[in-house]
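The active site annotation in TrEMBL covers Lys10, Asp135. If you look up TrEMBL, you'll see Pro93, Val94, Ala95, Ala96, Gly97, Leu98, Ala99, Gly100, Gly101, Ser102, Ser103 marked as ATP binding site. The feature domain 'GHMP kinase N-terminal' is assigned by TrEMBL to 65-143. Per TrEMBL, domain 'GHMP kinase C-terminal' is recorded for 199-270.
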Amino acid sequence: MGLRLNAHAKINLTLDVLGRRPDGYHEVEMIMQSIGLHDTLELEYKPKEIVLTVSGVPVTAGQDNLVLKAARLLQQQAGPEAGAIIHLHKEIPVAAGLAGGSSDAAAALRGLNRLWNLRLREEQLMKLAARLGADVSFCLLGGTAIARGVGEILTPLPPASRFGVVLVKPAFGVSTAEVYRGLDLAKLGRRPDTSAMTGALQKGDLDLVAANLCNVLESVTLRLHPELQAIKERLQEAGCRGVLMSGSGPTIFGLTADEKTAGEIARRLNLPGCQVLATGMV
Ligand code: ATP
């Protein structure tokens, strides 16, 4: 019997950079939120071999694919007999700040743990996730959470209200490494207030959530791609209550009261060259 799993994208409601570690990674503090937009993984048992096929948004099916990296890492625990045919259907835009690859890797860990009957506990899966990438740990947990360290130290938060989300992904991608290189830690400008955002989410107060949206990477990516400013303004004019860039970008999201309103705004927006999607928080 095969397995089918959804791998959800995320947005950052806040993103703060606290410092740079000697190993070059940045210490962050961010509030992450899973959204309805998702890729799909289908897994079927096959002895010894791991085979990956991909459809939808183009992405490599080679060794660089994070799904294969996750599968190989777990295979070290399962032994060489364990194998799988994995089909990845991609809906999440690539290199967009939506953690698509990380979410696929998390779903592969979770799914293959079941397919191979390994019974690894949550904390064991979390350790493997942290080895695969900074956002994989959050993607394994999902929902709403504060992420610290390089993103792997998680504090789950109560589920947030199911606000709507309009996503605008321009035609270009952004390299996370390049954005961090452009960041001057001495000049971060406005910083997020994590406890204020946590309180706003607990109250389910959309205007308070909107007022606390803050990402210190936004000004760096906006400097590299000034056209993102116009997208932010268009989302605001179209009726989104709060607008922010997700992760290192370039995806800009707008929040609405519910998914239906997000859908209406997405249909009205005319942004040539951009992909416009409506979804909701999950
Ligand atoms: P984050 O928000 O975690 O920084 P992102 O949304 O900016 O992630 P991804 O879509 O995860 O970025 O892709 C980043 C890189 O990872 C791309 O260059 C892509 O080629 C590579 N990659 C490897 N596996 C995958 C996958 N399964 N899906 C998407 N990208 C993948």
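Glycine too: its Cβ is placed from the backbone N, Cα and C atoms.
Not measured: the values here are computed from a predicted model.
Location within the structure of each feature annotated in TrEMBL.
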{"residue": "Lys10", "record": "active site", "CB count, 10 Å": "30"}
{"residue": "Pro93", "record": "ATP binding site", "CB count, 10 Å": "21"}
{"residue": "Ala95", "record": "ATP binding site", "CB count, 10 Å": "18"}
{"residue": "Gly97", "record": "ATP binding site", "CB count, 10 Å": "29"}
{"residue": "Ala99", "record": "ATP binding site", "CB count, 10 Å": "28"}
{"residue": "Gly101", "record": "ATP binding site", "CB count, 10 Å": "27"}
{"residue": "Ser103", "record": "ATP binding site", "CB count, 10 Å": "28"}
{"residue": "Asp135", "record": "active site", "CB count, 10 Å": "27"}
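Taking the mean position of the Cβ atoms of Pro93, Val94, Ala95, Ala96, Gly97, Leu98, Ala99, Gly100, Gly101, Ser102, Ser103 as the ATP site, the remaining residues of that chain whose Cβ falls within 8 Å of it are Ala9, Ile92, Gly247. Proximity to ligand 1 (Cβ under 6 Å from any of its atoms) holds for these recorded positions out of Lys10, Pro93, Ala95, Gly97, Gly101, Asp135: Ala95, Gly97, Gly101, Asp135. Note: the CA-CA distance between Pro93 (ATP binding site) and Lys10 (active site) rounds to 12 Å. Spatial neighbours are here defined as Cα atoms within 10 angstroms of one another, and by that definition the neighbours of Asp135 (active site) among the binding-site residues Ala95, Gly101, Ser103 are Gly101, Ser103. Using a 10 Å Cα-Cα cut-off around Lys10 (active site), the binding-site residues Ala95, Ala99, Gly101 reduce to Ala99.
Lys10 (active site) falls within a strand when secondary structure is assigned with DSSP. According to its DSSP assignment, Pro93 (ATP binding site) is coil. DSSP classifies Gly101 (ATP binding site) as helix under the three-state reduction. Counting residues of the domain 'GHMP kinase C-terminal' (199-270) by DSSP class, helix then strand then coil, yields 40 helix, 11 strand, 21 coil.
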